[in-house]
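To keep things clear, I will list the structure first and then write my remarks on it.
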C-alpha cells in the first residue's frame, strides 16, 4: 500500500514543485506541434528568461475561452495564447486577465486596434484552400461556394476553433439574417466538421475534401517546404474575414512579471520571424522578416465584426449554426 | 459484513444525494429553461435513439444466425471463443475505435454514423452472440430428445424448440445493447465528426466543455436519465451481466462441423482484422512517444488500482446486503443511472464549491468504482448467496462471530472471484476516457486522454502506438488475474 502511494504523492509533489518556476501557456494544438512555432518560441524565450516554458495545447482557439470559463480562478495557466480579436470582449468579461502595460505604435495591423490586456502577435485572412491539380471550377465568392459550387469542404467547429468561428462570422457578415439557410446549403457539401485546424488540414491533404477552411497564408507553407504552387487560396469577391491572434496574461499567475516579459517577447523581431515562418500567419511587427513566398499570396479585402457585437450575439449565432448545420 | 453493507448503502445514498445536489445547485449560468427546448434538443434526442436502434438492430441481426450455428454442436475450445467475445465487450472502447479507424478509414469515412455503427458492432456483436448462444445452449437435451421421439425434422425442431427460445432471448439482448449504445460516449465523441452526430451524452459533455452552460448539461443529463430509466422498465427485471470466463463445458463433442468451422474462421478474421491493422499501423513507424507518457501512465495506473479496490469493497458490501426495498432500489439505480449523469452531478457540485480541480483523482476513482459495480455485484452476490443459504443458519445457531464466518465461510467462497473482479474493474478504469476527460483540468493526463489528444491532432500513428500500449496493459492485467486465480485454485486443490 505504502509503496503504491509513493509514486502518486511524488508525482503530485513534483507537479507542485515544478509549477513554481514554470510559465504555463494554454494554446492551441497546431501551435505546440513540432512543426509549429511552439518549440522555437520556447527555446528562444527560455534562453533569455531562465525559466521553463510549458505549452499545453487545446483543440483550438475558442477552447481557450471555454477552458478559462470552466477553470476560472483555479486555472494553472499564466498565459493564454491563441484567442482572437472576436473573443476579446467576452474573455475580458470573465475578469481573469491582467493589464500588459504595453503600447502598439510599432505594430502593423489589418485594422486600428488597441487593448490594455490583449497583445496581438499575428494575423491572417481566412480562406478556402484548394489543390489546383484536382479542382478547376473554383468559386469566386462565398455566395458562389454556398449556393452553386459542388465542391466538398471541411471546416472547423465554431464552438472550439477560431477558424470555424471565423467562418461563422464570415457567413453572418455576408448573409445576415439568411445565414441559417446558407448553413443548410453548406451542410450538403460538408465532409466533416473538426474540433481544430490541424485535423481539418490533415484530412484535406489526405484528399478527403476539395476545399478546406484555412488561411490566405497557407499556400506559402507548401511553396516553401514542398516547393509547389499547386495549393492555392480561393479569392472571394465579398472580402475575407480577418483574424488577429492574441495572447494575454492571467491575474492568477504566480509569475506576473515573467508573463509580461513573455508577452513583450512575442512582438520582438526574433519571435515575429519565427511566427511568420512556422505559424504561417502575417507578423504584426512592421518590419518583421517574412518568408519569400508571402509575396506570391493574394491580398484580399478585409471583413471583420467588432468584438462587442460578437459578444452580444455569439451564443445565438452558435445556436443557429448548430441547428442548421446538423 | 453488516457494517460493510451499511457503509456501502450509506455511500451510495450519499453519492446520489450529492449528485442530485450538484444537478440542482449547478453554477447557474445559462439561458432561461424554455430556450433549451429547441430544434437542437429534438435532433440530439432523435440521433441518440436512431443510432442506438441501428446499433442494436445490426448487432442482433448479425449475432442471431451466428449464435445459432455455434450452438449446433459443442466443440473443444469454445471457451476460447467465448472469452474472446467477452474481451471485445470489456476492452477499452478507445482500442476498438483506433482499430476501426486503422482498418476501415481507407474504404469509408469512419468519422460518421457509419463509423459509429461499425465500432458499436465490434463491441456489441460478440456480446450479443455470446448471450444468444448461451440461451440456446440452455435448452435441455430432453426437449431435443422429445422432439426426435415425435419425429421432428430439422425445420420443425427449429420452429418448435429453438425459435421460441431465440425470440425470448433477442428482446432483452436488443434492449441491453440499445441502452449501451444510447449511453455511448467515447465512440460518438471521437467518431462523430460534426454537430450532426451528437447524442445526449456528448451533448452533456459539450454543454460543459464547449459552451460552459451547466443548465443545458443538467437538462440533457436528466433527459438521458429519464429515457434510460423508461427503457429499462421495458426490460422488466434486472438484466444479467455475465462476464466470467466459462470453462465448464457440458457435453463436449470434440469436433465441430464444417459450417461451424467456416463461421468461426470468418468470425475470427472479421474480429481480429482491425486489431491487426492497429498493430500494423503502430509498427509502421518507430516509437514516437510523448513527454507526458510517464505522468499519464502513473495517473492511469493509480486511478485504476484505487477505483478497483473501492469497487470491490462496495460490491462486497452490496453482495452482503439484505434484499430490502432500499437496497433493491439502489442496485436498480446503479444499473440505470448513466455514468455521465453521476459525473455531471458530482462535477457541478465541486465546481460550485470551487474545488473541482483539486479533487480530480478522487472524483474519477469514485465514479469509476461506481461504473464497474454493476458488473461485479452479480458475480460476488451469487457466491455469497449460495453460502449464505447453506451455512448462515448453522453459523448463527452455533454463535459463530461474524469475523470468523467471513474468514471460514465467505472468504473461501469469493476468493477465487477476487482477482478476476479486480482485473475487470482495473481494465474498465484504465481505459476510461469519458469521466477523466469531463472532470480533468487541462494538464491532467491519463493514457486514454493522451490517446484522444493524439487522435485530436490527427497523429494517428502516435495514437495507435499508445493504444497498443493500452492493449498490452489490459492484457497483462487480465493475464495476471488469470494466473492468480489459477494459483489460488491449485492451493485450494491441495
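Using N, Cα and C of the backbone, Cβ positions are placed for all residues, glycine too.
The domain 'ABC transmembrane type-1' annotation in TrEMBL covers B:45-235 (among others).
Residues annotated as domain 'ABC transmembrane type-1' in TrEMBL: B:297-479 (among others).
The transmembrane segment annotation in TrEMBL covers B:49-71 (among others).
Marked as transmembrane segment by TrEMBL: B:83-105 (among others).
Counting residues 6+ beyond its ends, the transmembrane segment (B:111-133) has Cβ neighbours under 8 Å at 51, 54-56, 58-60, 62-64, 66-68, 70-71, 82, 84-86, 88-89, 91, 93, 96-97, 99-101, 104, 166, 169-170, 173, 176-177, 180-181, 184, 187-188, 191-193, 197, 271, 274 in the same chain. Residues or ranges marked as transmembrane segment by TrEMBL: B:111-133 (among others).
Taken from TrEMBL, the feature transmembrane segment applies to B:173-196 (among others). Sequence-distant contacts of the transmembrane segment (B:173-196) (same chain, six or more residues past either end, CB-CB distance under 8 Å): 43, 47-49, 51-53, 55-57, 59-60, 63, 93-94, 96-97, 100-101, 109-112, 115-116, 119-120, 123-124, 127-128, 131-132, 202, 205, 224, 227-228, 231-232, 234-235, 239, 338-340, 433-434, 452, 455.
If you look up TrEMBL, you'll see B:216-235 (among others) marked as transmembrane segment.
Per TrEMBL, the feature transmembrane segment maps to B:262-283 (among others).
Distant neighbours of the transmembrane segment (B:295-316): 4, 8, 11-12, 361, 364-366, 368-370, 372-373, 376-377, 380, 414, 418, 421-423, 425-427, 429-430, 436, 444-450; these residues of the same chain sit at least 6 beyond its ends, with a Cβ under 8 Å from one of its Cβ atoms. What TrEMBL lists as transmembrane segment is B:295-316 (among others).
Feature annotation from TrEMBL assigns transmembrane segment to B:328-351 (among others).
Summarising the annotation, TrEMBL assigns transmembrane segment to B:363-380 (among others).
According to TrEMBL, the feature transmembrane segment maps to B:392-411 (among others).
Same-chain residues lying 6 or more positions outside the transmembrane segment (B:423-450) and placing a CB less than 8 Å from one of its CB atoms are 90-95, 185-186, 189, 201, 205, 208-209, 243, 290, 292-293, 295-297, 299-301, 303-305, 307-308, 311-312, 339-340, 343-344, 346-347, 356-357, 360, 363-364, 367-369, 371-372, 375-376, 466, 469-470, 473-474, 477-478, 480-481. Feature annotation from TrEMBL assigns transmembrane segment to B:423-450 (among others).
What TrEMBL lists as transmembrane segment is B:462-484 (among others).
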Contact set, same chain, for the transmembrane segment (B:83-105): CB under 8 Å, 6 or more residues outside the stretch: 115, 118-119, 122-127, 129-130, 186-187, 190-191, 243, 245, 268, 271, 273-275, 277-278, 280-281, 424, 427-428, 430-433, 448, 451-452, 455, 460, 463-464, 467, 470-471, 474, 478
